[in-house]
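One structure is given below, encoded as structure tokens.
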Amino acid sequence: VPGADRRDMQEKQLLNRTADKQQRLLPGRSNHGGNLSQPEKKLQEAVCVLLVELCERFTFFGIVCNMILFCTVKLGYPNYQAAMVNMCFVGTSMLTPVLVGWLAECLVGRIKLVCICMFLHFLGTALLPVVAFPFEDIYIDRRHILHTLTQREQKIVFYFALLTASLGIGGVRAIVCPLSAYNLEDCGPKELLSFFNWFYWLVNLNSAVVFVSISYIQQSVARNLGFLIPFVSALMAMITIHMVRGEMIYKPKTDSSLLTTFGVIASALKTCCVRYRYFSGGVRNWLDHAKENYGGQYSETQVESTKLLARLFPLFAFQILYRTCIMQIPSGYYLQTMNSNLHLSGFVLPVAAMNVISIVPLLILVPILECINSYLFNSKDTGHSPTIYIVVGQLSAALSVMVAGFSEIHRKHFPQVEQTLSDEVLLVSSMPCFHLAPQYILLGVAEALVTPSCSLLSFWLVPERIRGISMHFLTLFNGAGCFMGAFIVQTAHTGTQGNWFPHLLHEGKLERFFFFLASLTTVNTLGFWTIAHRYNNLNQEYTNEFRGSLPEEKLLKNEKAIKHYGSILKSSPILSPTEKT
């Protein structure tokens, strides 16, 4: 596209002018940076990307960890609405990287867009303290209040802040910290699984620190002013990006895009509908109708790439209900914990600190899984596949939600006591919150097994040039799981008139909601188990066969064969020079 090439040239010229200007103004620093060797430079870039990633996760978990408490106590939302707001924010934060990645590729330059996203992230995290600040406690004198936001104004500012923050999060994840920035092209399945294991291990270690520190500050020390901490963390991320702005903006290959994939599918469906009577003949796959030689408008390479992605769609689709189960930690499980006894030896535990119990199994299991994977991948007898991890992990998630239902029945057998949260006195069960630990542990085990394995399959089983698109689709389906969770909560509340997701837990039947979700997840796991054999082998021969339908790879094989037989002919003593040519 001429416009895209012109934008890329302008960005390169801008970076060159900035570098020349810095070299003239700061010759000492420039010479020092120029003396860095290539490995040192790569290490510096990796550390900077990792720091920005951790800062972004810090802000994200800082917003999420007590949102339900803020929505119910401060904004007066019923439980089901607070849970839906939390799940929709998480889902939006998963979908915005896909949107921002498309904007950076097609419409706006990457440097300009990352500046816009950083501003939106700053604006969103700065507006959250405006909503949460207790203006009613500040007076000019004894009769006049300095400033007060009505509840309607608070809600408008709150939703606008969440929207801008999610767009900023999308910019950081898509432009500054994409997975392609970690140079994973030359890694095999063993190295990729190890990378994803330790990558999510670091992310969860960061979230554990956030859930303990920020949740306590938000709940006990500074009340709702704890939303200032995401603001400070966003400022740290922007400073880090400013320090290495030229070298952190990774530019991936743009051979394929989401629009191309959706266009191939739409073109194939349109051609199938127009030529319905000829559907059974002439093509081996329905997507072949999108090819130019079958009446479509896409090249053979684009269609074959889409066919490889389509083979992964069942894998992605079966992650939707699993992601809905994971979203019970900041929604259903959070409400259970909030309505349990949080006192421990005179100390009130933060509600979100219980999330650490779900993170501890992941932090423990990753080193153990690394040892198991090293043994299995080194075995020459069997082709190891992480699909067994996904099946076991989804069963663990279904069991966790079922245990949550029995825990809810058990919680109601305890007498009610008064408990103060954010200066509000609530009637809660006297059952200690640690009785809920098994359901958190089971979900933590599920996350340790499923998420790295799904990332590996979606990354490894496609050619290098469409791996980013494959990861985008995995992200889309994970985001759909969050919105599916909000839809199920809304449907359960409306269909049972608030009985399955009540505002007062001791008056409703929240356990029935958990049992219903557990049954859906069990059926979902059985469905995935029936198709898991499609992804059972990760050895190189299978992968080459899996990718071998691409035209350019067929051409490459033919060229190698021509060169091989050509060298044999040239060395023949029988043929004349003209015949050899």
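Just so it is clear, glycine is given a Cβ too, placed from its N, Cα and C backbone atoms.
Please treat TrEMBL annotations as automatic predictions, because they have not gone through curation.
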Which listed span TrEMBL calls transmembrane segment, if the choices are 308-329, 440-461: 440-461
Remote residues contacting the transmembrane segment (156-176) - C-beta distance under 8 A, at least 6 residues beyond either end: 49, 52-53, 56, 59-60, 63, 75, 85, 89, 92-93, 95-101, 104, 110, 113-114, 116-125, 127-128, 130-131, 149, 230, 234, 237, 241, 248-250
Stretch contact, the transmembrane segment (440-461) with the transmembrane segment (198-217), Cβ-Cβ under 8 Å, 3+ pairs: yes
Two-stretch contact, the transmembrane segment (347-366) and the transmembrane segment (198-217), at least three Cβ pairs under 8 Å: yes
Within-chain partners of the transmembrane segment (198-217) [C-beta distance under 8 Å, separation at least 6 from its ends]: 50, 53-54, 57-58, 61-62, 65-66, 225-226, 229-230, 350-353, 355-356, 359-360, 362-363, 366, 447-448, 451-452
Distal contacts, the transmembrane segment (387-406) - CB-CB under 8 A, six or more residues away: 318, 322, 325-326, 328, 332-333, 336, 369, 436, 438-443, 445-450, 452-454, 457, 511-515, 517-518, 521-522, 524-525, 528-529, 532, 535-536
For the transmembrane segment (58-77), sequence-distant contacts whose Cβ falls under 8 Å of one of its Cβ atoms, 6 or more beyond its ends: 83, 85-86, 89-90, 93, 121, 125, 128, 132, 151, 154-155, 158, 162, 165, 169, 206-207, 210-211, 214-215, 218-219, 224, 226-227, 229-230, 233-234, 237, 330-331, 334-335, 338, 350-352, 355, 421-422, 424
Outside the transmembrane segment (84-104), six or more residues from its ends: residues with CB under 8 Å to it: 60, 63-64, 67-68, 71, 77, 110, 113-114, 117, 162-163, 166-167, 169-171, 173-175, 178, 257-259, 327, 330-331, 468, 472, 475-476, 478-483, 485-486, 489-490
